[in-house]
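See structure below.
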Amino acid sequence: MIRTLYWENNRLFLLDQTKLPHTIEYVECRTYTDVIDGIKTMKVRGAPAIGVSAAYGMALGELAGEDMDVIGDEIKSARPTAVNLFWAVDKVLDLVSRGKSAVDVAIEMEKDDVAINKKIGEYGNSIIDDNDTILTHCNAGALACAGYGTALGVIRAAHEANKNIDVICDETRPVLQGARLSVFEMQQENIPVRLIVDGAAGHMMQKGEVDKVIIGADRVAKDGVANKIGSLMVALAAKRYDIPFYVAAPMSTFDFENNIFDTIIEQRLPEEVLCINGKYISKKQTNVENPAFDIVESDLITGIITEEGIKKPL
């Protein structure tokens, strides 16, 4: 598996995911503001990967002698929906106040993330049957984490258990994480995969070509989850055709204090929708709504696969 990020000589290197799958290139982060830029521009994306990157951003700030509380607030503002970002910054601040170095905390967090994801894969494998076709939306794989992945980690674990599985990836407009990243990961692992446009998900379910749906999450609350835009549409189709709909996410993605509809839904630039490969597909002055996430309510969710086991939504 290609590394999403790595720490070397007191520098953080982020795989530039905006250039995948055609170019593998790492961006060097020398300052915490470099990390913020990497998060905002989606060079690094996926809730767990954002959290680990944020921890390393805090480490760079500490090495530079910055005020940790101030830079913590700056890093938290990079992307408001992913709860792991807030969790990681708060964890670093807490452990630094107890005498640990931010670098050590970040390194430990990176290692823990991979171990947690493998545990999620282990539990998730128990719900995968031989010859299953699994539909997934966006990218909740190794590229969205420090390694292995959550939703794709479950698929990876089933493949490692020699189960015969087929994967369907939604393209995931407008940034195409499914087409560019999830398909790329499956091809790297030689896991059979088909790419479909987002609007075809319901059609595939209606035809009986989907056995299970597994997605990741950027925030899990007691009454639902926030995930990449289009997840709700997939969940509604799965409910209509009685297809199990699972969410795979670490406990660090859980928000126990707020309702899911209190989530701040990030609005991204119109150009993501208006342009493909730098070319406008609609007039530049077209009004655009570009929410990055939507809400899947708990009654649409069969189970939430975590490192602690498979939890029933409340």
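We count from 1, first residue shown onward.
Backbone N, Cα and C define each Cβ position, glycine as well.
Quick look at what Swiss-Prot lists:
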ACT_SITE  D218  active site, proton donor
BINDING   R45, G46, A47, R79, Q177, N227, K228  substrate binding site
SITE      C138  site 'Transition state stabilizer'
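Feature annotations (Swiss-Prot) mapped to structure.
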{"residue": "R45", "record": "substrate binding site", "Cβ within 10 Å": "26"}
{"residue": "G46", "record": "substrate binding site", "Cβ within 10 Å": "30"}
{"residue": "A47", "record": "substrate binding site", "Cβ within 10 Å": "29"}
{"residue": "R79", "record": "substrate binding site", "Cβ within 10 Å": "23"}
{"residue": "C138", "record": "site 'Transition state stabilizer'", "Cβ within 10 Å": "29"}
{"residue": "Q177", "record": "substrate binding site", "Cβ within 10 Å": "28"}
{"residue": "D218", "record": "active site, proton donor", "Cβ within 10 Å": "29"}
{"residue": "N227", "record": "substrate binding site", "Cβ within 10 Å": "30"}
{"residue": "K228", "record": "substrate binding site", "Cβ within 10 Å": "26"}
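Within 8 Å of the centroid defined by the CB atoms of R45, G46, A47, R79, Q177, N227, K228, the record's substrate site, lie the Cβ atoms of I50, A82, C138, N139, A140, A144, G216, D218, A292, F293, excluding the listed residues themselves. In the three-state DSSP scheme, N227 (substrate binding site) is classed as strand. Of the recorded residues, C138 (site 'Transition state stabilizer') and the residue listed as 'active site, proton donor' place their C-alpha atoms 11 Å from one another. Residue pair D218 (active site, proton donor) / G46 (substrate binding site) shows a Cα separation of 7 Å.
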